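Asks: These came from Swiss-Prot, pasted as-is:
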BINDING   H83, H474  Cu cation 1 binding site
BINDING   H130, H476, H533  Cu cation 3 binding site
BINDING   H471, C534, H539  Cu cation 4 binding site
DOMAIN    33-149  domain 'Plastocyanin-like 1'
DOMAIN    159-310  domain 'Plastocyanin-like 2'
DOMAIN    419-554  domain 'Plastocyanin-like 3'
CARBOHYD  N79  N-linked glycosylation site
CARBOHYD  N188  N-linked glycosylation site
CARBOHYD  N298  N-linked glycosylation site
CARBOHYD  N332  N-linked glycosylation site
CARBOHYD  N383  N-linked glycosylation site
CARBOHYD  N393  N-linked glycosylation site
CARBOHYD  N433  N-linked glycosylation site
Amino acid sequence: MESFRRFSLLSFIALLAYFAFLASAEHHVHQFVITPTPVKRLCRTHQSITVNGQYPGPTLVVRNGDSLAITVINRARYNISIHWHGIRQLRNPWADGPEYITQCPIRPGQTYTYRFKIEDQEGTLWWHAHSRWLRATVYGALIIYPRLGSPYPFSMPKRDIPILLGEWWDRNPMDVLKQAQFTGAAANVSDAYTINGQPGDLYRCSRAGTIRFPIFPGETVQLRVINAGMNQELFFSVANHQFTVVETDSAYTKPFTTNVIMIGPGQTTNVLLTANQRPGRYYMAARAYNSANAPFDNTTTTAILQYVNAPTRRGRGRGQIAPVFPVLPGFNDTATATAFTNRLRYWKRAPVPQQVDENLFFTVGLGLINCANPNSPRCQGPNGTRFAASMNNMSFVLPRSNSVMQAYYQGTPGIFTTDFPPVPPVQFDYTGNVSRGLWQPIKGTKAYKLKYKSNVQIVLQDTSIVTPENHPMHLHGYQFYVVGSGFGNFNPRTDPARFNLFDPPERNTIGTPPGGWVAIRFVADNPGAWFMHCHIDSHLGWGLAMVFLVENGRGQLQSVQAPPLDLPRC
């Protein structure tokens, strides 16, 4: 009898805790109106595509356990879809967003409501358009706080400052893309980088709009840094101030201090900053980290960290006190970029798979398509070719008549094939002098199937075809553990012995070292069609992508949900 009472009491307490959890979760309803908006930068006004007339778009703030319903109303002249970058979308690929992968795009005049739940995630993520180059101006922060009463693994500051790094073209980005697609050449590089949508003091007609962040002496703030740029890894620093890194891609890290961070497109990094310097004005700045032998935007964007009540003028008639400028690494400082990345560690012992069921090896890199007429205006790449990119020599082509996920769910043939190779079809010296016969990839819409709950390891190997380069690879629907990396060709006999299987960093986007490799592991516990691609949008457009098809497990709770009734049609 006593044991029954004890059991009943424990059950009652558990039930109360469950209802308290339900009561603490909120449902957020938003409306995203996609519309052209006049935006003036670099002395000129452009009709930029925005959300709710804002550039950058609105910041979404939620807690772990909350749910969202975001209705996207497309009043622009382009097809669009929205991706909630880093949200796992468990069993719900219909809300993931990449056009022609998990949904057909939202056409002009149409509406679609993304419905999803935040499940066991917290930290800094973001959202952006996933339709061609619309994400150049259609993006915003997505901040997930812990459940009420849940602690942080570090002393949490009272104030957050979202820092969205972007790129700006002095013309319509869709026209930049259209020109590159026609000529086969590389797209024109951006004309400016931005911090929260503003280029900063170093660009023409930009000083008045420079973002200023007030801070009190002695105050510690958390900077939530997001690289929303299209095509460029960036170094970021604040003059005379140190950062304490505490999170990357919504996963906590063992804290460490640094003067500079390197952040690739798609990645997020949270840092703590304490105002412990002489009261004044200090530039925060971002400039390119460029590991490729290719043109890039070699400008610098700035904002100002301004101590409250600090003097801003030298005296009557003597002008303003110029902000202190940070020392940034050189644009090609791979040593600094690598040293930063190598210091990242998961904040505690990580639940990384110790054994693997799927051992995959993917080459990632550029390529060239030969032209029958090298003098054609459509063949203005190197030596009369067209640029391409591939994984395992397969250059991904988006379908047009249906999305991969819809075709997979409905069993519709002819949209994709499941013969993406698990290893390169031809093995070669990946980082050496590669024969020109291996520079031309094969085009196709190819996917690779994974069994539910299989332990997956992928080695991503950069190649020297065209140029070695840091490729920020993003996997939809998953977080993964970065268990190892190195330069040169991956050695399957010796390199795994150096893997970190204790506290590897957890990410959703990771760069391949230029001329090197990176190894990741994850458990395939989220059924559906999940895009894996380079987050440099030029490379994605050239085909540096593939799709994983993760099969259903057993029963409803291990299977993909039914598609929503308002899912857009092609």
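A Cβ is built for glycine as well, from the same backbone N, Cα and C atoms used for every other residue.
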Asks: H474 (Cu cation 1 binding site): which of the recorded positions N188, N298, H533 is the nearest Cα neighbour?
Replies: H533
Asks: Determine which residues of the same chain, besides H130, H476, H533, have their CB within 8 A of the center of the CB atoms at the recorded Cu cation 3 site, and list them by sequence.
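Replies: These residues sit around the Cu cation 3 site: H83, D96, G97, P98, I101, H474, F531, M532, L540, A545.
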Asks: Give the helix, strand or coil assignment DSSP yields for H533 (Cu cation 3 binding site).
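Replies: DSSP call for H533 (Cu cation 3 binding site): strand.
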Asks: Measuring Cα to Cα, tell me the gap between N298 (N-linked glycosylation site) and N188 (N-linked glycosylation site) in whole angstrom.
Replies: 13
Asks: How far is it from C534 (Cu cation 4 binding site) to N433 (N-linked glycosylation site), counting Cα to Cα, in Å?
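Replies: So the alpha carbons of C534 (Cu cation 4 binding site) and N433 (N-linked glycosylation site) sit roughly 23 Å from each other.
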Asks: Excluding H471, C534, H539, please set out which residues of the same chain place their CB within 8 Å of the center of the CB atoms of the Cu cation 4 site, keeping sequence order.
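Replies: The surrounding set, listed in chain order, is V364, A389, E469, P472, M473, H533, H535, I536, L540, L544.
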Asks: May I ask for the distance between H476 (Cu cation 3 binding site) and H83 (Cu cation 1 binding site), taken between their Cα atoms and rounded to an integer number of Å?
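Replies: Per the Cα atoms, H476 (Cu cation 3 binding site) and H83 (Cu cation 1 binding site) stand 9 Å apart.
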Asks: What is the three-state DSSP composition of the domain 'Plastocyanin-like 3' (419-554), stated as helix, strand and coil residue counts?
Replies: 13 helix, 56 strand, 67 coil
Asks: What's the CA to CA span in angstrom from H83 (Cu cation 1 binding site) over to H130 (Cu cation 3 binding site)?
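Replies: Cα of H83 (Cu cation 1 binding site) to Cα of H130 (Cu cation 3 binding site) measures 6 Å after rounding.
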